[in-house]
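J.: Have a look at the structure that comes next, please.
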Amino acid sequence: MKAMQGTFISFEGPDGAGKTSVLGVIKTRLQAQLGDDLVVTREPGGKGSKIAEAIRDVVLDPAYPDMDVRTEALLYAAARRQHILDTIQPALAAHKVVLSDRYLDSSVAYQGGGRQLGVQTILELNQFATQGLVPDATIYLDIDPEIGLQRIQTTRTDEINRLDQEALAFHQRVTQAYRQLAQAEPQRIKVIDANQPFDQVVAAAWQAVEQVLTEDK
Ligand SMILES: Nc1ncnc2c1ncn2[C@@H]1O[C@H](COP(=O)(O)OP(=O)(O)OP(=O)(O)O)[C@@H](O)[C@H]1O
Ligand SMILES: Cc1cn([C@H]2C[C@H](O)[C@@H](COP(=O)(O)O)O2)c(=O)[nH]c1=O
């Protein structure tokens, strides 16, 4: 099922790819055009979703290094369920544009690939949570995991979360899973080389978003 009324675009990529920074620029530009018809949100958690944000606090907390990988997958799916109900569906029903910093593909890449639970298992688990809600388009910022992790360690000022602390091999599996997804769904997933300088990444992402919004009208 595609988003029925509004337009739903997710931003995906490994840690440190630049999603949040790029989305910040795109939000400012789009807000000038769309005003209240633009909703920018994120996962895990979600704008205006207290329950999803509370799950975020638990699932990302470095105080829980022993969290079981299936517990982790269930928590991400549970947060997503609540995020859809509280934030995404109401906005789409009101014909708004929803931009989400991460969505379902993150679970496929991190829990399916990184945690090695398997893509099919994660898709089935999330079918229950999403009831088939798939973004109209996904902007995937592709980066070598070594570079993404280096960016986080050297330049980021906010805290390092539980998954950021995983070994390089975990992040390599995440990137591999993202790349496989992008190959399997070229229509939905627009790949952008996030190894480029920031302004070039923004320009490519902006072009992709504009194209999706124009096609949709
Ligand atoms: N193209 C770029 N070149 C160099 N540095 C960048 C680039 N894009 C982002 N950065 C820097 O890399 C760091 C991580 O960026 P950002 O937080 O936007 O990534 P992210 O994909 O949202 O990461 P995460 O998923 O881990 O939250 C920031 O310090 C940001 O300024
Ligand atoms: C939605 C989602 C996220 N993750 C991981 C990916 C990141 O390491 C963190 C979120 O941190 P961010 O700084 O807000 O990007 O959670 C995941 O493993 N599975 C998911 O479904």
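Cβ coordinates are placed from backbone N, Cα and C, and glycine is handled just like the others.
In case it helps, TrEMBL gives these features for our protein:
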DOMAIN    11-203  domain 'Thymidylate kinase-like'
BINDING   Gly13, Pro14, Asp15, Gly16, Ala17, Gly18, Lys19, Thr20  ATP binding site
J.: Considering every residue in the domain 'Thymidylate kinase-like' (11-203), what is the mean pLDDT value?
T.: 95
J.: Once Gly13, Pro14, Asp15, Gly16, Ala17, Gly18, Lys19, Thr20 are set aside, which residues in the chain still have Cβ within 8 Å of the Cβ centroid of the ATP site?
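T.: Going along the sequence, the neighbours appear as Leu141, Ile143, Gly148, Arg151, Ala194.
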J.: Which state, by DSSP, holds Thr20 (ATP binding site): helix, strand or coil?
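T.: SS state of Thr20 (ATP binding site) = helix.
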J.: Can you go through the binding-site residues Asp15, Gly16, Gly18, Thr20 and pick out those with a C-beta less than 6 angstroms from ligand 2?
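T.: Near ligand 2, sequence order: Asp15.
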J.: Please list, in sequence order, the residues in the chain of Lys19 (ATP binding site) that are at least six apart in sequence and whose C-beta is under 8 Å away from its C-beta.
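T.: Within the chain, Lys19 (ATP binding site) has Cβ neighbours under 8 Å at Phe11, Glu12, Gly13, Asp101, Arg102, Leu141.
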J.: CB neighbours of Ala17 (ATP binding site) within 10 A?
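T.: 27, counting other Cβ atoms within 10 Å of Ala17 (ATP binding site).
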J.: Counting only residues 6+ apart in the same chain, whose Cβ is under 8 Å from the Cβ of Thr20 (ATP binding site)?
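T.: Set apart from Thr20 (ATP binding site) by at least 6 residues yet with Cβ under 8 Å, we have Arg42, Asp101.
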J.: Going by a 10 angstroms cut-off between Cβ atoms, which of the binding-site residues Gly13, Pro14, Gly16, Gly18 has the sparsest surroundings?
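T.: Candidates: the binding-site residues Gly13, Pro14, Gly16, Gly18. Fewest Cβ atoms within 10 Å: Gly18.
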J.: Have a look around Asp15 (ATP binding site) and count the other CB atoms within 10 A of its CB, chains all included.
T.: 21
